[in-house]
Amino acid sequence: MAYTNMGRRMSIMRLLLALTAVAIMSSLCCYVSAQQGVASIISEDVFNQFLKHRNDAACPAKGFYTYTAFIAAANSFPDFGNNGDLQSRKRELAAFFGQTSQETTGGWATAPDGPYAWGYCFKDQVNSGGDRYHGRGPIQLTGDYNYKAAGDALGYDLINNPDLVVNDATISFKTAVWFWMTAQSPKPSCHDVILGRWSPSATDTAAGRVAGYGMVTDIINGGPECGTGTISDVQKGRIGFYQRYCNMLGVAVGSNLDCKNQKPFGT
């Protein structure tokens, strides 16, 4: 009987060790998959070429946005830049950098290397008016509701420490990727839209909302920019950055780049 019990215990221990090994390999697989999926497209050299003047002396965010911080943030979201075929993944990453580059741009029409080589020049909103929850980081996270939701999802107290978004580059990138990946009803996620996974509801169709890069703009900043019947300079900037990055990655930009005929959400 003692031998039988010992044999059973050994069998159970072997099973537990096997299950532990499977769990570890599964976690490692997700980590490596995210790193390879994003890093194989956005290498450090591509990152530096995208954001060519981010460390210019004239940029307030000089030295803040690093490739290491970007990859660390990407690794926290295994699906980011890692779903679909290679062209789809390239397009998503070009769209992410296109939108965030406009949010943080320091470029101007006659800037060296053109206006779209000056993304990530800022980390704080210009002329914030003293609002504690003003725009910060690549996506310019704004509003106490977004700071609360992002903080809860990421495990940081951003309500009491909003400046973490401008003091820690990894956290800063994480808030941007979190916003990109997260649907906030009735808005879909930018991730699903740019990958073609979103289908408009009857309400969306009536509002003129169609899949494409312009819809991503509607999600991020539709109120001031969308449904005006014209393409504003800010929206032109978003499109210009995106087109530059798509060209550098060798991927088509797709259709519906603007949101001039799309009503903003909440209207």
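From the backbone N, Cα and C atoms, a Cβ is placed for every residue, glycine too.
Listed in TrEMBL as the disulfide partner of CYS226, from the options CYS190, CYS259, is CYS259. Here the C-alpha separation of CYS259 (disulfide bond) and GLU103 (active site, proton donor) works out to 16 Å. Here the Cα atom of CYS59 (disulfide bond) is found 14 Å from that of GLU103 (active site, proton donor).
Across the fold, the C-alpha of CYS121 (disulfide bond) and the C-alpha of CYS226 (disulfide bond) stand 25 Å from each other. Between the disulfide-bonded residues CYS121, CYS259, the minimum number of other C-beta atoms within 10 Å of a residue's C-beta occurs at CYS121.
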